[in-house]
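Student: Below is one structure. I have some questions about it.
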């Protein structure tokens, strides 16, 4: 009996240890970690009711700990539910965090971290060349040749610094979505308006007839948080679902930060739900596998090319990159009217988002778009980087 009792105690202890959630550590710069700010992801199969009960319990635990210890953490901030992928973000003290990790319904927890735009230098009045390049087999031709459907009936979510939805380049096709960054719905930076103009502008865009939704997740300085981005993605999926446009939607994420499993899981759920997701590879001239959401295998990760079909000097690279697209010296709209020129993988990604909408409008399933774009792409990029594709975005115009 003693042996059996000892064994049962051992097994109980083992089960308890096994039930503890994983605390995932990121490979990013520790300076980008937001203190006491955490993203909690539930295990697959946790029901809506169990999730709500867990959230309520954590809120009560945090409140009790705050009262006892006088901590200044803010507790629960926002919840996520992306096609039954459930989680939340909050500011918690160490004792509350420990309780969360010991809950058997929790899959993993990670630090929230700063995420930034993937754009670089602004050069005014520079020539535009990207549209011509993606519609011709040879470089140097400025005419843009495209099917006149141009994304008609497809909606593109611009997850960025906001969008000037009244800009003349959008001709009334843009609407406001949500803001998870701050209390100012304007695009004070210009990055989001520029990328939206690239994926769906009437003058500067690929999918000239697509609808546009502004999803602000980054502030006027071009930075935000992983939790804010996940909240933005959560909005996109729920909005598309409520409007019946899953399968007729795309999303552009011209942003990135250090590796985040939660960020990768969120974009993967969006992609699997029926939204084509294009993301910037990043601008550090390093392997994109260490960045999120660029490292998510399910999405279309885009590196940046120059007018001479070379890898942009700043562009990240690596086997996770799906395709190259024009990203150096790209002219597009700026808030308040007019245009400006920017460089970065931020400028490459919306070329692919727009082309994805273009393909969806022609009947291709969003979950097959990235593979289709790779199939018709051109083997044009010189010195693409270690273990990196040399394929350049092309719309298959035959030119």
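Note that the numbers count up from 1, one per residue, in the order the chain is shown.
Quick reminder: no glycine exception, Cβ is built from N, Cα and C everywhere.
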Student: Write down the residue from 102, 395 that Swiss-Prot flags as N-linked glycosylation site.
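Tutor: Record lookup in Swiss-Prot returns N-linked glycosylation site for 395.
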Student: For the set 252, 290, say which residue Swiss-Prot annotates with N-linked glycosylation site.
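Tutor: Going through 252, 290 one by one, Swiss-Prot flags 252 as N-linked glycosylation site.
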Student: Out of 308, 346, which of the recorded positions is least crowded by other Cβ atoms within 10 Å?
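Tutor: Each of the recorded positions 308, 346 was scored by Cβ atoms within 10 Å; lowest is 308.
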Student: Could you round the CA separation between residue 308 (N-linked glycosylation site) and residue 346 (active site, charge relay system) to a whole angstrom and send it over?
Tutor: 19
Student: What same-chain residues, at least 6 away in sequence, bring their CB to under 8 Å of the CB of residue 252 (N-linked glycosylation site)?
Tutor: 156, 157, 158, 159, 160, 195, 196, 199, 278, 279, 349, 350, 353
Student: Report, in whole Å, the straight Cα-to-Cα distance of residue 346 (active site, charge relay system) from residue 395 (N-linked glycosylation site).
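Tutor: So the Cα of residue 346 (active site, charge relay system) lies 19 Å away from that of residue 395 (N-linked glycosylation site).
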Student: Quick one: DSSP breakdown of the domain 'Inhibitor I9' (37-117) into helix, strand and coil?
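Tutor: Going by DSSP assignments, the domain 'Inhibitor I9' (37-117) contains 30 helix, 33 strand, 18 coil.
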Student: Three-state secondary structure of residue 252 (N-linked glycosylation site) from DSSP?
Tutor: strand
